[in-house]
Amino acid sequence: MSWDQVWIDVNLATMDPSISAPYGAITNAAIAVKDGKIAWLGPRSELPAFDVLSIPVYRGKGGWITPGLIDAHTHLIFAGNRANEFELRLQGASYEEIARSGGGIISTVKACREADEAELFELGRQRLNALAKEGVTTVEIKSGYGLDTETELKILRVARELGKHHHVDVKTTFLGAHAIPPEYKDNSDGYVDLIINKMLPAVIAENLADAVDVFCENIAFNLEQTERVLSAAKAAGLEIKLHAEQLTNMGGSALAARLGAKSVDHIEYLDEAGVKALSESGTCAVLLPGAFYFLRETQKPPIDLLRQYGVPMVLASDFNPGSSPICSTLLMLNMGCTLFRLTPEEALKGLTLNAAKALGIEDNVGSLVVGKQADFCLWDIATPAQLAYSYGVNPCKDVVKNGKLVHQHT
């Protein structure tokens, strides 16, 4: 056989649902790569003969290979920090109180409007490097810290540039409807008009976004405004998604499902009717335990209902300066299990196959299947559950992206 590389002495957590074993596991396995794709995988005993002198062979020393991790919800590009608000919350102020007093998202907006593209790029690069060291091979990056046309475009341009200069694939999301800027404080409908009539066309003209998101909440955008933005995005051919049911149950998830959204994110206050709507539409539920933890929330997402109705559950970092300043997907695996009571298998699926579904890229990445992109990680672990069980020592040994070895952890 003519391959570009072969990995032996490994176990595979394929996350392939057609394999009945937990994690889609194949033990004592091998995997071969050709032209950036997975060319063969299976038990080592069934590996076809190949020329070991001409093909690089990597020995995994009994470790586990998983699909590359996918962080499907981040706000990775921002300037400044909100440590002062952290102190205020510890003294009793709520997220909503801080936001209504001019803090929260608006304070980050001010910093991002003042920062230039070079500064934002360098900040984003450092954060993307941190995720990459934990085995992340695809990341979604939202705008939403500009709230004016110029700065929203600036953030999205930086995100696109990061994708061009980093081995991690970057999917971009336009989140102009993240908050109402101070200049539109008494005219939120006017700001929605600006998003639809000026911002969105400018984003599309530069091909800066793969999807559009809205923060549907009573401190941000109501259902009618949300539907206007998402409908305009859908009419323009962009994927849609929604921040919904984080602080209250406004029915945003049902709206998103009706419009065919790829995902609804946060969903702590999602009810059974909303879960059923997601199930019927095939919309993913993105769980964000970092924000739940950092904001010291108590209302948990309806995990049992999501299981009952077969809604794909996704885990993501929600990395941002205000509610989840946690740049770690491995910690999300642990939090998903300890805080939300996911099983380790559900948690890993939420950062691989289901995360790919939330971004509409599951045909190419998210599981180890012949013909899919060769994005995978070798972990120094005895069982896949160990990824969620233990935190603090990074077990990521090697990362392959598009068939190329891009990271070796010595």
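Placed from the backbone N, Cα and C atoms, the Cβ positions cover glycine too.
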Identity of the Zn(2+)-site residue among Asp169, Asp318, Asp363, Asp375 (reference: His73, His75, His243, source: Swiss-Prot): Asp318
Residue in His178, His407 which Swiss-Prot records at the 4-imidazolone-5-propanoate site where Arg82, Tyr145, Gln246, Ser323 also bind: His178
Residues within 8 Å of the Tyr145, Asn320, Gly322 Cβ centre (excluding the N-formimidoyl-L-glutamate site residues themselves): His75, Phe78, Arg82, Ile105, Thr108, Gly144, Pro321, Ser323
Cα separation, His243 (Zn(2+) binding site) to His178 (4-imidazolone-5-propanoate binding site) (Å, whole number): 9
From His75, His243, Gln246: binding-site residues whose CA lies within 10 A of Asn320 (N-formimidoyl-L-glutamate binding site): His75
Other same-chain residues whose Cβ falls within 8 Å of the Cβ centroid of His73, His75, His243, Asp318, the recorded Fe(3+) site, in sequence order: Thr74, Lys142, Asp265, His266, Val286, Leu288, Ala291, Ala316, Phe319, Asn320, Ser324
Three-class DSSP secondary structure - Tyr145 (4-imidazolone-5-propanoate binding site): coil
Which same-chain residues, if any, lie at least 6 apart from His243 (Zn(2+) binding site) yet have Cβ under 8 Å of it: Asp213, Val214, Phe215, Cys216, Glu217, Ala220, Gly252, Val264, Asp265, His266
